[in-house]
Amino acid sequence: MENMQYAEELVREFIVFRGFTNTLQVFERELSTDVGRSFQVDKIIELVFSVYVPKYQADKLVSLLSFFKQCFSSSSDAVLISTLSKLELSILRYYIVHALQTGRQDKVVEFFASNGNYLLQRREEWLPWFAIPYLKNPSLDPQYRVYFSKDWFDALQLSFHNILSEIFNGTRVPALLKISTEKNTVRRLEADIKQLNQKLSQLQALLETKESEILRLRSIAATVPEICNLQARNSVDSSSHEHTLTDIGNSLLREGCHESTTSNDPHAGARKVANGGDISISANTSQDLVVSKSDVSSISLNRVSPIEAKDKDASQMSLSEIRREVMKEDEFPEVSVEFQETFLGHTNPISRCRFSASGTNVASASVDGTVRIWTYGSSTTASRNATIYCGAEIMSLEWDCRSDRLLLIGTADGGIKAWNVDAKRVVCDLNTTQEFPSVMDLKCSPVEPIFVSAAASMRHGFSKIDQMGFASLTVWNMKTWKAMATLPLGKDPPAITSLSFNHNGKILAASATDGMIHMFDMSAGLQITGWPAHDSAVSSVLFGPDETSIFSLGSDGKIFEWSLQNQGQVLWSRDCSRFCYPESEKICRHEIALDSNGRRLLVTSGSVRSPIYQVQDHMSAFKTLPHTAAITSVDWHPTLPIFITGSADHSVRVTSVI
């Protein structure tokens with residue numbers, strides 16, 4: 001009833017807006033006499049057979065019948081649609097028969113002239129009827145005789161009445177009522193959403209407050225050992241200074257006593273001491289020295305050597321720098337967003353998410369072994385959308401760089417699957433050796449039909465990186481789907497965590513758990529260089545956009561941009577340990593992503609927000625819009641300012657930034 005009244009208000013509003021005053025009066029009058037508040041089948045029958053047909057209003061009749069067909073054009077009931085088409089055919093034929101019975105052949109000719117093209121869409125059923133206005137006695141013709149009988153007309157009326165009754169009193173609900181129902185539902189949902197958003201904002205504010213408190217306590221805890229060491233050092237040095245000065249004081253005391261007993265002059269003047277210094281000693285030397293001893297002791301506690309002062313200043317400086325850095329990160333402005341779309345197709349934390357080579361498709365994986373291929377934005381076709389069940393945790397995802405057709409999936413049980421998004425099937429199912437069951441990363445060459453897999457043996461450990469054992473790097477052919485070569489890493493090499501090709505696929509960079517970055521010549525299949533990049537494991541490695549530098553992220557949260565022209569030279573660095581702290585390694589393997597211009601660096605985070613650093617800018621940085629849990633995977637669109645974040649809250653978000 002409420003929806004009906006709302007629909008009537010919409011109609012009344014439209015009539016007033018258009019200025020249909022006469023229509024408004026009729027509408028109000030009919031509303032006052034309406035009892036059933038539903039479709040009036042008898043009135044529709046009366047309108048057709050008592051108004052449109054007798055008054056030769058063919059255009060209105062055709063329009064009404066077309067309206068009924070249009071209402072059910074999307075219906076899945078094929079029988080219903082077929083029945084309506086047959087009724088339309090019969091009612092239009094009755095119009096012609098009635099015109100001929102009343103001697104109005106001109107109306108028949110006019111009807112065919114106006115609606116001939118429409119009728120010829122059903123050529124076989126209407127073609128013979130174009131001759132009927134020119135027959136002398138069509139009622140006697142065997143082909144048309146049945147349509148002139150009263151029994152046929154009564155059957156037509158009854159059939160039309162029955163089908164309308166079945167439709168309108170059964171399943172059919174006017175679109176306007178549907179809209180009003182939907183609007184009421186939308187209103188309720190909007191109210192619920194507003195309330196939930198308020199709760200979410202409160203919880204996020206509380207979460208950020210708690211994270212800030214944790215960060216403050218962590219920064220204090222990090223500086224406590226340094227301060228304690230400094231205090232201990234100062235205490236030891238002060239104690240030694242005190243003992244030294246005390247010894248000097250005692251020596252002077254003894255010397256003074258000796259002089260006072262051997263001198264006949266109670267006011268003896270200055271005496272020389274062994275070290276050549278002049279010390280004035282009066283007759284009250286003992287008392288003076290006893291008093292000054294405590295003073296010297298107190299002075300000695302405040303005396304600090306130049307080295308100590310330097311250490312202390314450095315300690316205070318580093319502490320202040322840490323506090324400033326923490327304050328800077330707390331004050332990161334939120335990135336300006338053009339649009340954001342959230343994908344909620346997963347039921348477990350996200351392990352990896354990647355844009356395809358063109359950026360039109362997204363692949364996301366969760367720790368339960370499920371991979372989802374999906375699209376964002378209404379303009380992108382969803383024909384490639386799919387769900388892939390791998391049966392093991394997904395460790396790595398990689399799209400073929402040369403097209404959007406192939407997706408490579410690496411699992412924790414040594415599996416490498418190649419999924420064809422057009423055929424929607426696995427075209428190849430590979431396996432690494434039993435010694436190296438975890439496929440940590442996969443990288444496709446941007447030029448050749450090959451890819452490299454980084455597999456690792458497993459061991460017990462605190463974090464995901466600690467659980468990695470030794471490494472194996474294998475080159476695979478994507479035409480034969482067979483292993484081509486194994487890249488040399490030496491004996492018992494630490495696990496490889498991340499891979500990156502340069503623009504022409506000739507050089508491969510690999511980061512390892514021992515803090516090393518290795519560089520391989522792919523044409524020769526040999527390691528050409530390498531250097532220790534971090535004091536901890538390297539979580540992620542990326543070539544810079546101009547190929548003259550390489551970025552690395554350590555498990556300690558340190559980010560470095562290394563020069564490839566002067567090996568070992570750091571061009572730029574940031575400390576994001578606030579986001580990539582050791583405890584967060586339990587949740588995810590941290591990674592970095594560069595935008596297409598190489599100017600913005602996005603980092604995963606143990607927090608609900610991720611930092612976006614401006615490369616080569618030591619001050620400017622932003623933070624992403626919040627998830628409700630840690631951000632476990634990130635990637636940038638290959639050409640546009642759009643990034644993707646996967647989270648432990650099971651969601652994946654596509655964000656376009658201004």
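In case you wondered, yes, glycine gets a Cβ from its N, Cα and C as well.
Between the stretches 179-220, 305-346, 347-388, TrEMBL puts its coiled coil entry on 179-220. Distant neighbours of the repeat 'WD' (624-658): 200, 203-204, 207-208, 334-355, 357-359, 362, 364, 366, 376, 584, 587-588, 591-596, 600, 602-612; these residues of the same chain sit at least 6 beyond its ends, with a Cβ under 8 Å from one of its Cβ atoms. For the repeat 'WD' (624-658), the predicted model reports an average pLDDT of 95.
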